[in-house]
Structures are given as C-alpha cells and as structure tokens.
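A.B. asks: The compositional bias 'Low complexity' annotation in TrEMBL covers 1-16, 67-86. Annotation comment: TrEMBL describes 25-41, 98-107 as compositional bias 'Basic and acidic residues'. Residues or ranges marked as compositional bias 'Pro residues' by TrEMBL: 87-97. The domain 'Fibronectin type-III' annotation in TrEMBL covers 110-205, 306-401. According to TrEMBL, the domain 'Ig-like' annotation covers 209-297, 419-503. According to TrEMBL, the feature region 'Disordered' maps to 1-110.
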Amino acid sequence: MTGKTAPPAKKTAPAAAKKKAAPALKEEAAPTEEAALKEEAAPAPATEEPPSSEHPPEQSPAPTEEPAPTLTEAGAQVTPVPAEGSPAPPAEPPAPEPKLEKPKEEPPSCPLSLAVEEVSENSFTLTWKAPEQMGRVGLDGYVVEICKDGTSDWKAVNQEPFLSTRYTIPDLSSGDKIHVRVTAVSASGASVPATLEQPVLIREILQLPKIRMPRHLRETYIRRVGDAVNIMIPFQGKPQPEVSWTKGGQPLDTNRINIRNTARDTIFYIRQAQRSDSGKYELTVQINGAKDKATLDIQVVEPPGPPQNLKLVDVWGFNVALEWTPPADNGNSEIKGYRVQKSDKKSGKWFTVLERCTRTSCTISDLIIGNTYSFRVFSENICGLSDSAAVASGVAYIEKTKTTYQSEKIPQRDMMEPPKFTQPLTDRTTTRGYSTHLFCSVRGFPQPKIIWLKNQMEIREDPKYIALIDQGVCSLEIRKPGPFDGGVYTCKAVNPLGEASVDCRLDVKGEI
C-alpha cells in the first residue's frame with residue numbers, strides 16, 4: 001500500500017461523506033478539549049488511501065443519541081445538528097435535592113491512665129484520668145465494673161455514675177483475682193471501656209515502717225512558756241505499726257503529755273508547755289522486728305532575767321563607760337544581746353542608746369555638758385527583752401573640762417608614758433547616707449600622734465573623713481558613708497615611747 005498524505009485540513013469533505021462518517025465517529029470516544037489541542041499542535045500523520053467506491057465501508061446502526069462533536073480547523077468542538085426526521089433525545093428529569101440529616105452526637109472517648117493506687121486485704125483503689133473527648137453535652141460520670149478471673153460475668157459496682165476519677169472497691173475476698181474496667185457515660189452513649197491488662201490480686205501488701213518527719217521538726221522546735229505544743233508526725237507501714245514515745249529512755253508523763261495514734265500518724269500534745277518539758281523525745285515505729293526511729297527536740301523558752309553588777313566605770317569629757325555581767329537566768333535560750341538606755345535628770349525619760357550590744361561593756365558618747373545622766377541595761381533572747389532592767393547605782397555628771405597646769409617642780413620623766421587606749425573602738429552599724437562617728441580614748445605623754453587607717457591604709461586629707469582629738473578622746477567622723485566605706489578602721493597612737501592601736505568594724509546598710 002502506497003503512503004499518501006492526507007488532503008489539506010482546509011478542504012472540506014462532501015456532505016455525503018460527512019453523513020457516512022458520523023456513525024463511525026460515534027463509536028469512538030469523543031475527544032476532549034485537551035486532546036484536541038494536542039492534536040492541533042502535532043503534525044498531521046499520513047493516512048492510507050481512501051477506499052474505492054466499489055467496497056464501501058460498513059456502516060453501524062444509526063445512533064439514537066446526540067451526534068459526537070467534530071473538531072474545527074482551530075481545534076474547537078462543534079456539535080453536529082441532528083438530521084431532519086431523527087427523533088429528539090428525551091429530556092432528563094431534574095435530580096432530587098438531598099435531605100440534610102442531623103449529625104449524631106458521638107459518645108465520649110475512653111478514660112485514660114487507668115491504674116491501681118492501693119491494694120489491701122479486702123479492697124483496692126483505682127485512679128484514672130478524664131477522656132480526651134467528652135462530647136458537647138459533657139459527662140454524666142463513670143461506671144466501674146469488675147469480673148472475677150476465669151469468668152465473664154461483669155458486674156457494676158456503683159449504682160449511679162459518678163464524676164470522681166478515684167474509686168475504692170470494698171468488700172472483696174482476700175486471694176481473689178479481679179478484672180476491672182471503667183466506662184465513661186454521657187447522654188449520647190457509653191465510651192469504649194478502659195480495662196486493666198492484668199487482674200488485681202486482693203492481698204495485704206507488707207510495707208516497712210517509715211517515719212516521715214516534717215521539715216520544720218527536723219530542727220529544734222521552740223515554744224514559749226504557757227504555749228500549747230501540738231505536733232502531728234505521719235508515718236507509714238503495713239500492717240499497722242506499733243508506736244511508742246520515750247524521753248531519755250523513760251516513758252512519758254501522761255499527766256502532762258497526751259499521745260494519740262492513728263493508722264497513719266501520731267499526735268504529740270501539751271496543753272501548757274513548761275521549761276521542764278524541754279528535751280529530746282524519741283519516737284519509735286515498729287512492725288515485728290523492723291523499726292524506724294526519729295528524735296523530736298523541744299525547747300521551751302521565756303524572757304531572760306536582767307543583767308547583773310551594772311556599774312559606771314568612767315566619765316570623761318562627754319563620754320561614759322559602763323560594765324555589767326550576764327543575767328543569772330537566760331530564759332533557757334541564748335542571750336542575743338543587751339539594750340542600753342540613758343535618762344536625763346531634767347526630762348526623766350528613757351532613750352535607747354544601743355540595741356543588741358553583744359558585749360558586756362559599752363561607751364556612751366555625745367552626752368550634753370551640764371546634764372546628769374542615769375543608765376540601765378536590758379538583756380534580750382529569742383523571746384525578747386527581760387521583764388526588768390539593771391540600773392546603774394551612780395549617776396554621771398557631764399561638766400566642762402578645765403585646763404590644769406602642772407607644776408614645774410614635777411620632773412618631766414615622771415609624766416612620760418607610752419600611748420595606751422583607755423577605751424577601745426566599738427563595732428558600729430550605720431545607714432547609707434547618714435554621717436557616723438567612731439570614738440576611742442587614749443592617754444600618753446608626750447601627747448601621742450593619732451593616725452587613722454581604713455583596712456590598714458592610712459586616711460590622709462580626705463574630705464569625707466574628719467579626725468579630731470580632744471582631751472584624749474579621739475573621734476573620726478565619716479560623712480555620708482556609702483557601701484564602700486564599710487570595713488575595719490584602726491586608730492593608732494604614736495609617741496617617742498611607743499605606739500598602741502585599736503580597731504573596729506563598720507557596716508554600712510542600705511537605706512530603710
């Protein structure tokens with residue numbers, strides 16, 4: 001067969017050929033628009049020689065449906081018009097509109113993290129978490145079901161749903177194996193049950209005794225005289241342990257101390273504590289041969305007594321030196337310090353000079369010349385100040401110092417003396433921005449030269465510091481101290497016969 005090219009696309013076939021070709025086109029699938037575009041872009045393939053008129057092609061039965069569309073020269077689809085006399089295709093009936101169905105409420109999802117919290121000889125306790133999805137209507141509660149191992153008879157243990165995620169199943173027989181499942185229930189239905197993988201064996205679990213001493217009772221427990229002592233100490237152990245209290249190896253005095261024990265804790269109670277109740281109490285929790293011990297240290301305190309032997313040691317310039325001894329009774333607690341007060345004879349009012357003085361001596365400065373002063377001292381412990389104070393027997397009259405001249409008959413060598421501090425520096429605490437003074441007294445002849453040092457560095461012509469000496473009283477004023485002005489200050493006295501020094505610590509606190 002010889003290959004002949006197809007006639008040009010612009011030449012149209014006779015009308016009769018179009019009628020004969022229409023049924024053949026119907027048998028094939030109608031080309032889509034995309035295929036038509038690809039066909040237009042591709043070169044026209046060579047076609048075979050058209051058949052002769054002697055052997056016309058077989059014609060398929062006349063189609064009853066709509067004729068297939070043909071492609072135009074530009075590739076667009078054209079639907080042929082049906083021949084005259086052919087019946088028109090029947091019209092399709094309109095599709096019915098779908099009915100909207102109301103969505104059904106889904107039941108809640110399965111409860112989560114089902115676990116056994118505790119097992120005893122006749123019960124056990126379950127815990128779980130709420131399901132992730134509870135539905136729009138919310139949960140009515142949970143239903144717990146049990147089934148003995150080896151059977152399939154599930155029974156609900158609660159009559160009505162409950163909302164708690166913890167449940168104790170009572171009245172079980174020791175030695176049984178119980179399967180458990182929990183179902184979440186709502187108005188839309190019940191969830192898939194959460195089931196324990198293994199059955200629960202009902203038996204008593206032995207637990208060694210253990211005292212769980214609260215943190216605040218691990219140190220000394222301090223109460224004031226007359227206060228109530230009410231202490232609860234929890235413990236654990238199975239079966240229920242035996243609890244005992246002793247003090248110094250001896251049983252407790254039940255007339256003063258009440259002990260009440262439960263299955264999980266012990267309560268130690270004293271209605272009104274006395275100092276005699278102080279001491280170490282031993283708690284023992286025992287199960288057969290196993291035991292655990294703990295010690296409770298109780299300290300009952302009261303205010304201390306006043307200091308003793310307060311006396312006025314020296315008066316010079318506008319300064320006074322006091323000394324005393326600790327109180328005979330410290331109130332069963334360490335003495336924290338002493339409070340020193342002064343009273344001017346003219347006003348009769350008491351004013352605090354020093355608080356929490358840790359020494360048994362002090363120097364009171366800045367007294368007014370011409371006034372007469374009395375002094376008293378309180379002792380202080382954890383309960384507070386003593387009920388009464390020690391009052392100095394003498395009074396201090398601050399008079400103006402007069403210059404006295406030594407007679408020339410006195411040999412100078414008898415007056416020569418190396419420097420000696422009669423009153424040392426005392427530690428001070430001041431507030432940032434408030435000027436403060438440091439005082440000490442020195443004697444010696446010839447008059448010693450006074451040198452002030454801060455942290456072993458000499459203070460020289462610094463406007464922040466003003467150093468003075470008057471009648472043997474050395475003072476250093478620190479103007480508006482800051483945090484960096486704190487440290488160790490030293491006063492050094494030097495003359496040809498020797499030198500002496502005293503020091504103190506100055507702490508500068510932030511503003512209140």
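Positions of Cβ are set from backbone N, Cα and C atoms, glycine also.
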A.B. asks: What is the number of residues in the domain 'Ig-like' (209-297) that are helix, strand and coil, as DSSP sees it?
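C.D. replies: For the domain 'Ig-like' (209-297), the helix, strand and coil counts are 6 helix, 53 strand, 30 coil.
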A.B. asks: With DSSP as the yardstick, break the domain 'Fibronectin type-III' (110-205) down into helix, strand and coil residue counts.
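C.D. replies: Once the DSSP states are binned, the domain 'Fibronectin type-III' (110-205) shows 0 helix, 47 strand, 49 coil.
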A.B. asks: Residue counts in helix (H, G, I), strand (E, B) and coil for the domain 'Fibronectin type-III' (306-401), per DSSP?
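C.D. replies: With helix first, then strand, then coil, the domain 'Fibronectin type-III' (306-401) has 0 helix, 52 strand, 44 coil.
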